[in-house]
């Protein structure tokens, strides 16, 4: 009886260690998991508005990516670098931040409604939408014309 309990306990430990946290299982096929969120780079050229709309159609809580820490910024940069297909339009990738008023100031939140807790600007210009720039290995944010079509990353 003692041996059966020992074997059962051993199998339980193995099962739990193999199952992990389950974070990867929560993501849709083709999406990448990072700290409880799922991300996917789309090799489609869309304006900022159309990219945001596309992301919201992927899942209930989908939006253009919001970057809340240097760790997340590095994860997103690597994901974009590994998944972007090279074309003329790959110099920039949309993120979920844009100016919301006529003075071109950024809103106080990302397109998903979360607060801006981390910033990594290259420069301030008079354009309204923000993206990641290839020249910085997709690690810096740059102001872009919202009507230009670029690739994008969604987060759910």
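Sequential numbering from 1, following the chain as shown.
Each residue, glycine too, has its Cβ placed from N, Cα and C.
For reference, Swiss-Prot has these:
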DISULFID  27-38  disulfide bond
DISULFID  55-154  disulfide bond
DISULFID  129-146  disulfide bond
DOMAIN    34-155  domain 'C-type lectin'
SIGNAL    1-23  signal peptide
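Positions of the features from Swiss-Prot, shown on the structure.
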residue : record         : contacts (Cβ under 8 Å, 6+ apart)
27      : disulfide bond : 33, 38, 156
55      : disulfide bond : 62, 63, 64, 96, 152, 154, 155, 156
129     : disulfide bond : 48, 94, 97, 98, 99, 143, 144, 145, 146
Secondary structure at residue 55 (disulfide bond), reduced by DSSP to three states: helix
Averaged pLDDT, computed only over the residues in the domain 'C-type lectin' (34-155): 87
DSSP-derived structure type at residue 129 (disulfide bond), helix or strand or else coil: strand
Disulfide-bonded residues listed as 38, 146, 154, least Cβ neighbours within 10 Å: 146
Three-state composition of the domain 'C-type lectin' (34-155), taking helix and strand from DSSP: 32 helix, 40 strand, 50 coil
